[in-house]
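Here is what TrEMBL records for this protein:
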type     : residues : note
TRANSMEM : 52-79    : transmembrane segment
DOMAIN   : 57-503   : domain 'Major facilitator superfamily (MFS) profile'
TRANSMEM : 109-128  : transmembrane segment
TRANSMEM : 140-159  : transmembrane segment
TRANSMEM : 165-186  : transmembrane segment
TRANSMEM : 198-219  : transmembrane segment
TRANSMEM : 225-248  : transmembrane segment
TRANSMEM : 348-369  : transmembrane segment
TRANSMEM : 375-398  : transmembrane segment
TRANSMEM : 410-428  : transmembrane segment
TRANSMEM : 448-466  : transmembrane segment
TRANSMEM : 478-499  : transmembrane segment
Amino acid sequence: MGQLQQGSKKGAFSRTQPWNMRYRQAAEEAQGSTTARAHDDRVFKASGRITFSVLLACFVGACTGLVFGYDIGIAGGVISYPDFQRRFFPQVLEAHADKDAFCKYNDPLLQLFVSVLFLAGIVGAFLGSFTAKQWGRRPTMMLGGLCFLIGAVLMAPAVHVAMLIIGRVVMGLGVGICVMCGPLFLSELAPYHLRGAFNTQFQLFITIGILVAQCINYGNQNYEWGWRLNLGLAGLPAALLMVGAALVPETPAHLVEVGREEQGRQVLRRIRGAEDVEVELQDIKDAAVAARSTKVNPWRAIFSRKFTPQLVTIVALQVFNQLDGINSIMFYAPQLFDAMGSGRREALMTHVIIGAVNVATTFVAVFTVDSLGRTFWMVEASAHMMACEVIMGVLIALKMDPVTGAIPKDITVGLIVVVCVFIAGHAWGWGPMPWLVCSEVQPMHTRAAGTALATIVNFILTFIIGQCFLSMLCSMRYGVFFFFAGWLAFMGVYTYFLVPETKGVPIDEIEYKFRNHWAWGKLMAKHDAAQEAKVVDDIADDLAAARGTSSCKVDVAKKGKPEM
Ligand code: BGC
């Protein structure tokens, strides 16, 4: 409050300046800084060049996506090993005999094996939000890698379903920590004009992880014990992440936030390959001043009125990341194609083809996200993925034998093509963009908690889809594809109207995109007015206290306390 009142007394603010701009000015004046300036006058100038150091850091940050992707890719393949089913889920083998094609994999325990990882990931993400803020992004990534490694060591030699599930839970903790921290680390290290390209490496590495896992599934399919190797090999990307994280620097934003400004300056110089990094450093310092002045716990702050636009955006985008239906294909494509009569070998091969398309088309996002923007790709993806879902639903409705599940060969080929086009939409739209935007829209104070929240929402939805898709398929049949098509239509409209474009704006300036937005701006202006009333109230309190009376307070108290 102190800084704010000083600013007010100096009369430095105009009534039309946005609330936090005035706040920043006040804070800067209180510190004797000469850098106060109007947001609109800012020229966003990138400092330095792309150095080896920043590329290495980008690679390591993206390895968090690799562990995540490996896990997604391996699950569907592992559960299709007969030896695995016999040992841990014999009821599935028995069910093959008497259930129809839509229902033969509908086993709650089997689905729990796939999805329990995401429940544990929710806890991991929450934990990671604290370690990322207190210890830093780098140690947090190392911790995530370590949990993932321990999980792999527990699962590979599993002899009992409990050992398997415990390993998966520990691995899940690691995945949660990695996924909350990776995009954050990437966004904070990236030069702002290439933040899209840097951050989408996270999604690119997810897809590479998935593809590697699918190839391993395919290559090992004839070995009884192949699933053990698949699960054990998860230790490799985890080890890579741990070693890599030991070699790269902490982000300048975190260093400045915890008061190690000089170290932050040195890291900036190193990753930007330039001596003069003061403009960028000043931005980070501004954000840190604002972050430090907020006494409210980040998790409470995120749910306060002030952050409603960011909160709604994060929740919506992560829900959409899952409700495009991607994981129904990623987790269960081998089961789907097996059910259609392709045979296990062809089904696994199809999974590999889908994985390769996923990797290849993600490059479209990497190369265009900083020019075409984020919302463009999300809207485009909604339209074309919706068309694919409808085509898949119609083809399956008309051509699948409901008892045997068989589909004529030429139709299956057509379906695979449609699935690939569908995958492309996720790869350049609904896959990378939510992760990117969610890591961009939070101010420094709530950034770690915000990316953790994004992970938590994502994992809750992934858990639900992992747990329910096979049951939905069993009960809704081809209707499940129309269900996802409906969501995609809504997602496109929502994004077009309500998601602000964040390309090319420094991460600590993105709040203004919400302030200038036709809908969110109104909401924030309301909050500003309430905050302003609170300042008047507080000043009146101080004056009254100084005069030893309560007369001022009575007047202003009528305004009521604004919500935080
Ligand atoms: C999603 C994952 C999904 C992957 C597929 C990511 O954006 O969060 O759940 O499996 O994309 O590429």
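Numbers here mean position along the shown chain, with the first residue as 1.
Even glycines carry a Cβ here, placed using N, Cα and C.
The transmembrane segment (225-248) is not in contact with the transmembrane segment (348-369), judged by fewer than 3 CB-CB distances under 8 Å for residue pairs 6 or more apart in sequence. Through the fold, the transmembrane segment (165-186) approaches residues 57-58, 61-65, 67-68, 71, 112-113, 116-129, 131-132, 137-138, 140-141, 143-155, 158, 198-199, 201-202, 231, 234, 238, 241, 251, 435-436, 438-439, 447-448, 451-452, 454-456, 458-459 of its own chain, all at least 6 residues removed from its boundaries and within a Cβ separation under 8 Å.
Two recorded stretches are said to be in contact when at least 3 C-beta pairs lie under 8 angstroms, sequence spacing 6 or more; the transmembrane segment (348-369) and the transmembrane segment (410-428) meet this definition.
Remote same-chain partners of the transmembrane segment (448-466), defined as residues 6 or more beyond its termini with a Cβ less than 8 Å from a stretch Cβ, comprise 111, 114-115, 118-119, 121-122, 125-126, 128-130, 132-133, 176, 179-181, 183-184, 298-299, 301-302, 310-311, 314-315, 317-319, 321-323, 325, 327-328, 331, 434-435, 438-439, 441-442.
Averaged across the domain 'Major facilitator superfamily (MFS) profile' (57-503), pLDDT in this predicted model comes to 89.
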